[in-house]
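Listed in TrEMBL:
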DOMAIN    A:244-334  domain 'Rieske'
REGION    A:23-42  region 'Disordered'
TRANSMEM  A:57-78  transmembrane segment
TRANSMEM  A:98-118  transmembrane segment
TRANSMEM  A:162-182  transmembrane segment
Amino acid sequence: MSSQIPEENLPAAQDTAHGAVGVADEKNPFADPGLPPHEHRRQDIDERAAKRSERTVALLFTVSMLATIGFIAAFVAIPVDKIVYIFPFGHVSALNFALGVTLGVSLFTIGAGAVHWARTLMSDEELTDERHAIEAEPEVRAKVMDDFRQGAKESQLGRRKLIRNTMFGALAVVPLSGVVLLRELGPLPEDKLRHTLWSKGKLLINQNTGEPMRPSDIVTGSLTFAKPEGLEEHDHDFNNEIAKAALMLVRIQPEDIKDKRTMEWGHEGILAYSKICTHVGCPISLYEQQTHHVLCPCHQSTFDLSDGAKVIFGPAGHALPQLRIGVNDEGYLEALSDFEEPVGPAFWERG
Amino acid sequence: MKKLSARRRHPAAALVVLLLALACTGGLYAVFAPADKAQADETAQSLTIEEGKKLYAVDCASCHGTGGQGTSDGPSLVGVGAAAVDFQVGTGRMPAATSQGAQIPRKKPVYTQAEIDALAAYVASLGAGPAIPAESQYSPEGADIAKGGELFRNNCAQCHNFTGKGGALTHGKYAPNLEDVDPKHIYEAMLTGPQNMPSFPDSTLSEQNKKDIIAYLDEVNSQDTENPGGLELGGLGPVSEGLFGWIFGLGGLIAVAVWVAARTAKAKKS
């Protein structure tokens, strides 16, 4: 194909083209303005300037080498737990800082050297190179189409319908084996999303102290987190269980509670709500004790705990589930049942 | 008398006089100073309550009512306790400016600690409430920092961020940064629940728990906190760090590229 490049576009012929301006005529009303005249750089004319550039580039590359040596030296010499004070950053790890600075310098100076080299010393002569059609010759195209038609005819695909139809059937069915593998991505959820560890008679255990609580422990305006009795942090499935059972306890003056059911499900104004946001399941406990609002840090869903934890702002779809609580014979707070509805975000079959 | 003066030049005389003088001073000190603690305290207490009442009448009564009963401009102070006063006035939140935004901010305290103590004593006399904690209660020494971290992440981090850098709440309210807040004030805040912060009374978050939390904050969020990476960008984690990298890292590279390309290397500058 190289034989098709017009002679005048070859690099050898280009030097004379610099500064040449085409002339408009009838065949070619828009004259090719050509390339602007080539301007020399100082380094092209002045050998001392070129030498200086060379030294600058070499210096940058040398600095890079030194920085790499510095990186290795810092890695070997600085203990990993050494902390130093460096002004805008505060008390930082000496090793991290030294490695970052030396690696940064060594990479940056390689780049800076290469750029300086290319800009001041490598050839900067402008070139013209014309684009050509990538389409094949008409004869080649005709031959390919003929070959294809011949092949299709010889395969007898159009004539032997049985083969054709069974082949389509086989191709359509084969992806099913891939689809059926998806079934084994994990166990089916069954009804795990509908139940938590809470059940009738389970004591509310304070997550800070690990002790059961009496109503007098929960003062108005306070916030306490509770886990169900029997669930310990070192248990194998602790994270799975607390992700559903996490509970926040607040106490609101009975006259401030707006919803009758909310009041009934609590105990003397102590209300127990799921701590899991009903939007996408973030732990939600940014409780404002004066407004009784709870805010989710992820998407700003806001719930009013004095009014059945109704959604008053944000993307959450439904109110936070409330746990029915009471007091057992010994005077400790206990759950009266599991949550009445699934906790956390909605799911396909939630209804 | 004669006998006594005759022995005044005895070698042991100086020692005897010194011992007598010490005994007198010690005895006098014991009589007048802390010996009769209950009695001394009572008089001092009633004095400070009187002082506090005067200060209260000047700066607090307009909003909180002449007897601390509260008005439409300020809540009742009956039963809030000395700890609440020490926190609110000690962190400069009270007295508050007349027109407030969403939340009363921390500022330079207006009163001296002695005046705050007097005010606290007066407010405490209005109704029983949490007392100002002793230093042994809030000092981070001897506390379990790891346990404190666990407690902080469970109880506090949702609003105050994992390392106490603070965060936003609804309608312009916010949880403040806890950097270098006096441990006493952190303790009092947990105890009393100022503004929209819920309280964490000793019945649900024990004294030792509070001490652990203070020790954790002292470790992770103070002027001297060791921060191996430096430039923690609000302690928010990979999201803010990634954003910073994309904007300033990539932005810096683009700026350098533009700068390189904008400068001509030609000898003749046009």
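Positions of Cβ are set from backbone N, Cα and C atoms, glycine also.
Residues in the region 'Disordered' (A:23-42) partition by DSSP class (helix H, G, I; strand E, B; coil) as 1 helix, 1 strand, 18 coil. Counting residues 6+ beyond its ends, the transmembrane segment (A:57-78) has Cβ neighbours under 8 Å at 94-95, 98-99, 102-103, 105-107, 109-110, 112-113, 116-117, 121 in the same chain. Here the transmembrane segment (A:98-118) has Cβ contacts under 8 Å with residues 53, 56-58, 60-61, 63-65, 67-68, 70-71, 74-75, 78 of the same chain, all six or more residues outside its ends. Confidence for the domain 'Rieske' (A:244-334), expressed as mean pLDDT, is 93.
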